[in-house]
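Quick look at what TrEMBL lists:
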DOMAIN    27-475  domain 'Major facilitator superfamily (MFS) profile'
TRANSMEM  20-40  transmembrane segment
TRANSMEM  81-99  transmembrane segment
TRANSMEM  111-130  transmembrane segment
TRANSMEM  136-158  transmembrane segment
TRANSMEM  170-188  transmembrane segment
TRANSMEM  200-221  transmembrane segment
TRANSMEM  283-307  transmembrane segment
TRANSMEM  319-341  transmembrane segment
TRANSMEM  348-370  transmembrane segment
TRANSMEM  382-403  transmembrane segment
TRANSMEM  424-444  transmembrane segment
TRANSMEM  450-471  transmembrane segment
Amino acid sequence: MPAGGFSVSAPAGVEFEAKITPIVIISCIMAATGGLMFGYDVGISGGVTSMDDFLIEFFPTVYRKKHEDKESNYCKYDNQGLQLFTSSLYLAGLTATFFASYTTRNLGRRLTMLIAGVFFIIGVIFNGAAQNLAMLIVGRILLGCGVGFANQAVPLFLSEIAPTRIRGGLNILFQLNVTIGILFANLINYGTSKIHPWGWRLSLSLAGIPALLLTLGALFVTDTPNSLIERGHLEEGKRVLKKIRGTENVDPEFNEIVEASRIAHEVKHPFRNLLLRRNRPQLVIAVLLQIFQQFTGINAIMFYAPVLFNTLGFKSDASLYSAVITGAVNVLSTLVSVYSVDKVGRRLLLLEAGVQMFFSQAIIAVILGIKVTDHSDNLSHGWAIIVVVLVCTFVSSFAWSWGPLGWLIPSETFPLETRSAGQSVTVCVNLLFTFVIAQAFLSMLCHMKYGIFAFFSGWVLIMSVFVLFLLPETKNVPIEEMTERVWKQHWFWKRFVDDDEHTLNGDAEKNGVNLS
Ligand code: BGC
């Protein structure tokens, strides 16, 4: 790998000529459906698993436990099978990312999105028509494959098709759509819970709408110029570039993509390259950000809010509409991030949110510790409202910090040559830890009781200290200048990048061999 591999872009600060053309707008709609689909899957299972009709049909033991007085409040829903219904999606998703990394590179972004759409549609059919637990789980696994393919291809597709000046905004737009998907799912659960006995089927089947939209979208859009050029279709790549940028003057950008793809081709083993010492800072940060994002405990709320509120003694209806409230707070607060991320910066958002998340969770732990014993009756109305407000305080701070930034920061820090492999690792680690939370939360709630919130607040403390000392600010730094302007300047991370500089030539090969 030549040392020049670090900066393959046009000279710093040069913007390529680009209009916001209809095709770019269609891309935004694509992002919406990919994100909506992911969010819908995240949000739908909690509400469904709190519905009695669903439990009677698939989890009769949980149904009996839920209505038995002798069961501890905290343990009503502790059932591995029930958790598997939620978590199997993420397990399948993380496995699929590895295939998705291959298909995005070799078949293109568009075809990968199409594959995702087809997985989604078949998964929705299995879920909506489920006659037994096996069909239900197979459906979730297929949806998970869809998530694995979509979450790899859609963000890449977007960042390649977007003009530079709206790239960051588009990235968070994806997260915004995830939150809208979650909110939709909560609203739909609220409505369908009143339809007996098949409301849950409707909840699961309505995922077909974003799935169909994504599939149709993938059929009609063109692949990105970067992907076409990477696969050797130079002429077509240039033609598409002119079309999406709305100008004939695309040579500078075209040349940059050709150069970038030449360098990308030199990297024989992108994943092995990722392990080189000089890529360590980005890799460590991408992996830790995903682990931290999930250990904020957000998905304990997103997946299980209705179940959680029910545990605290809310009636079914109140549980579901409380979940709608937290879902709405999630969407609105994400807008705060879209607006402020390039103004106040990533670090400030993460640090402020750290304080807010820590206190809201710690106070929830104290209130539950005092008020919800194993067999106590419901939380009184006043206390219940305070808990919902605290959950909202927690969700809002997550939504303007760890939610979008957990995805944004890894996507902007990797150098081009490892960006796509870095994206796979990011998605994979994220889904792995999402799986862990999905599979373990209800059991942890049963064993740790209110302490679960103290546990998550402890993690928030650790991640905030990490941000304070080890996360550099990446606001307003052009993507191809990160190494020079961020990593080489950082008090801690510079040792990895600097040391490597003079041994760079041929280093990749050498390390590659050592690592194999
Ligand atoms: C996370 C998801 C989470 C969602 C909540 C995303 O950034 O990756 O796991 O459910 O935010 O809004």
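The count begins at 1 with the first shown residue.
A Cβ is built for glycine as well, from the same backbone N, Cα and C atoms used for every other residue.
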Stretch-averaged pLDDT - the domain 'Major facilitator superfamily (MFS) profile' (27-475): 89
Stretch-level contact, the transmembrane segment (170-188) and the transmembrane segment (20-40), CB cutoff 8 A, at least 3 pairs: yes
Cβ contacts the transmembrane segment (81-99)/the transmembrane segment (424-444), at least three under 8 Å, sequence gap 6 or more: yes
Stretch in 283-307, 382-403, 424-444, 450-471 most in contact with the transmembrane segment (319-341), if contact is a CB pair under 8 A: 382-403
